[in-house]
Amino acid sequence: MAIYSAQAPNSILEEEARFEAEVSETQAWWNSTDLFRLTRRPYTARDVVRLRGSMRQSYASNEMAKKLWRTLKTHQANKTASRTFGALDPVQVSMMAKYLDSIYVSGWQCSSTHTTTNEPGPDLADYPYDTVPNKVEHLFFAQQFHDRKQKEARMSMTREERSKTPYIDYLKPIIADGDTGFGGATATVKLCKLFVERGAAGVHIEDQASVTKKCGHMAGKVLVSVGEHVNRMVAARLQFDIMGVETLLVARTDAVAATLIQTNVDARDHQFILGATNPNLKGKPLADVLARAMASGKSGADLQAVEDEWMAMADLKLFSDCVVDGIKALNVSEQEKGRRLGEWMQQTGGNTGNVLSYYQAKELAEKLGISNLFWDWDLPRTREGFYRFQGSVKAAIVRGWAFGPHADIIWMETSSPDMVECRDFALGVKSKHPEIMLAYNLSPSFNWDASRMTDEQMKNFIPEIARLGYCWQFITLAGFHADALVIDTFAKDFAQRGMLAYVEKIQRQEMMNGVDTLAHQKWSGANYYDQLLKTVQGGISATAAMAKGVTEDQFEETQSSTLALESNIGAGTVLAKSRM
């Protein structure tokens, strides 16, 4: 990267020379980095350098971002997937490191378990915007600590001992939940700055409206326009460029299940906005009808009944569907109807990539003989002013096309684990962006048993969609659910059977499965800090935590033998091995 200096320039010419050198190096960075090969920026390297400070800062998260890119591109090339889940705490993230190659930090989990105000709640993104970055830092510090601890332990071993001790890569890249960016462009750049500083290798941002944000599997989702979300992506990328980092950007769309959209300003959204088709409602917008009903004293179920009656009368449809119905009703030959329908579909069909505005589509409809069509997208607007939106995979594809040049990974949120939806979205997006990486939420909000999959199909779901290009797949809340399941079942058992429940369900299981928290003092770093104290005090310490007398010696084993515990359980005997 460019030359930075905390020393003030000695002259205007030196100031300009530094600036130009930094611009050249920034452009060279973009040109030489594979991550940016397909990235579209509406700004220049000169714009970026103008927004930077004079003192260069380096970020550990940048190395993790490069590692994440290599990991995901390898999976993409092999048609496999990095599979992971939402980590709640340092215990989970250290256990996950043994088996998984990326880590997810969920806004839902943070909202319910770890906000910076300590006030829990549902996933509405109404917590302070440093909540998820703080959780990222919590986990990233833990990753670095366990890495340091392992290095000290391994370098205290002989070469033979190290050869028999598996090396664990604790530094697994973290992808974090950026929700909607938490407001306008300035909020998004500040959020992204926090993520880089706290250790995130990647960040995802979704296309819901910030003020009405919902969990992707709740009702009532309101989309922003395509253009507004593109601006969020650009703002995030700009902040990463200012900081000189290669943090991965994931664009998420909730367009499959969304029912509302903030505005009709973007032509790319027009084909999915619903309008009233009943001319008898002309001059009777829903918002006015509801306002009069409220003024007359109606509320609750009575008010809902008024809305339901109006919506039934309105007969909401897409403009395209109205045109198709109109062509079918024309007093022309069937052959001519077929020709006009074909022309309409050819020029408006999403599969061709054509995106007509409502006004262009209306002009085309008139050329095809549909001139007196009643269709009004303003009449059914909600009291908040939102337009009615018909969510679909097609809508998600159109958004994927728009987001692709500005993001590294595209994620379509879905309402069920549907292989057909996965295939259609992948093929649709890749028709314009063949090299784009895709992500998939293996959501615990799905009732997987209700999906009618066999156990074998569930087992193969991840590799099946990986072959379609979904190279990063994650269970958002698995850490939360695993934590709840273990604690609920253990607490119930402990209340009934006391210490036998702990020994049988926890301690022996840790032994048999080689879980390193069995020796929790060692896991927490007591040996590491003993070594640090000895280093400070010339190699000895009378107050070493792991010296003679520590109860953890009861679990100790040597490299040449294993400790076996023999316990009667009913009529049986269990041999358990402790691996420290």
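Each residue, glycine too, has its Cβ placed from N, Cα and C.
What Swiss-Prot says about this protein:
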BINDING   SER106, GLY107, TRP108, GLY216, HIS217, ARG252, ASN441, LEU442, SER443, PRO444, SER445, THR476  substrate binding site
BINDING   ASP177  Mg(2+) binding site
ACT_SITE  CYS215  active site, proton acceptor
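DSSP gives SER443 (substrate binding site) a coil state; it is part of no helix or strand. When Cβ atoms from all protein chains are considered, those within 10 Å of the residue listed as 'Mg(2+) binding site' total 28, not counting its own. Here the binding-site residues are SER106, ASN441, SER443, SER445, and the one ringed by the most other CB atoms within 10 angstroms is SER106.
DSSP classifies TRP108 (substrate binding site) as helix under the three-state reduction.
Between the C-alpha atoms of SER106 (substrate binding site) and ASP177 (Mg(2+) binding site), the distance comes to 5 Å. Here the Cα atom of ASN441 (substrate binding site) is found 12 Å from that of the residue listed as 'Mg(2+) binding site'.
The Cβ neighbour count for TRP108 (substrate binding site), using a 10 Å radius and every protein chain shown, is 22.
Under DSSP, ASP177 (Mg(2+) binding site) is assigned to a strand (E or B) in the three-state scheme.
Between TRP108 (substrate binding site) and the residue listed as 'Mg(2+) binding site', the C-alpha separation comes to 9 Å.
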